[in-house]
Amino acid sequence: QLDIFEHVGVPLVENCLAGFNSSVFAYGQTGSGKTYTMWGPANSLAEENVAKEQQGLTPRVFERLFARIKEEQTKHSDQQLNYQCNCSFLEIYNEQVTDLLDPSQRNLQIREDVKSGVYVENLTENQVSTMEDVTQ
């Protein structure tokens with residue numbers, strides 16, 4: 001888990017802070033460990049006593065992101081920096097895109113726009129600023 005975080009998560013956070021949109025794709029067969037790699041052990045978000053080394057990529061990335069935002073705001077307190085984090089979760093399975101924040105939204109369409117780039121039409125996007133926001 002730590003190796004994946006250091007090779008994928010740390011650069012992802014730094015790229016976000018540099019102003020780039022970031023995504024993580026977990027691809028593989030059913031039962032190959034995608035969910036474990038992304039989140040950690042089952043119910044790890046509900047249990048506060050999960051060992052730090054068992055955490056998956058997602059909680060580590062968000063914790064690092066929020067810590068780095070706090071660092072940057074402290075370091076540049078005279079500049080009134082404002083960070084906004086928007087988060088969405090989706091699943092692509094059998095060529096169907098499902099919104100994991102609103103599972104009733106199925107078969108969403110992937111679009112491309114000159115201004116926005118690639119996006120998923122009608123995908124739920126929530127503003128987050130703490131780990132509690134992410135886990136809700």
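Residue numbers in this text run from 1 along the chain shown.
Each residue, glycine too, has its Cβ placed from N, Cα and C.
Values in this document were obtained by computation on a predicted structure and should not be read as measured data.
Copied from TrEMBL, the annotated features are:
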type    : residues                               : note
DOMAIN  : 1-136                                  : domain 'Kinesin motor'
BINDING : G28, Q29, T30, G31, S32, G33, K34, T35 : ATP binding site
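Known features from TrEMBL, placed on the structure.
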residue : record           : contacts (Cβ under 8 Å, 6+ apart)
G28     : ATP binding site : K34
Q29     : ATP binding site : none
T30     : ATP binding site : none
G31     : ATP binding site : none
S32     : ATP binding site : none
G33     : ATP binding site : none
T35     : ATP binding site : A26
Check your understanding: Under the DSSP assignment, what numbers of helix, strand and coil residues are found in the domain 'Kinesin motor' (1-136)?
Key -> 52 helix, 22 strand, 62 coil
Revision key, fill the gap. The number of other Cβ atoms within 10 Å of the Cβ of K34 (ATP binding site), counted over all protein chains shown, is 15
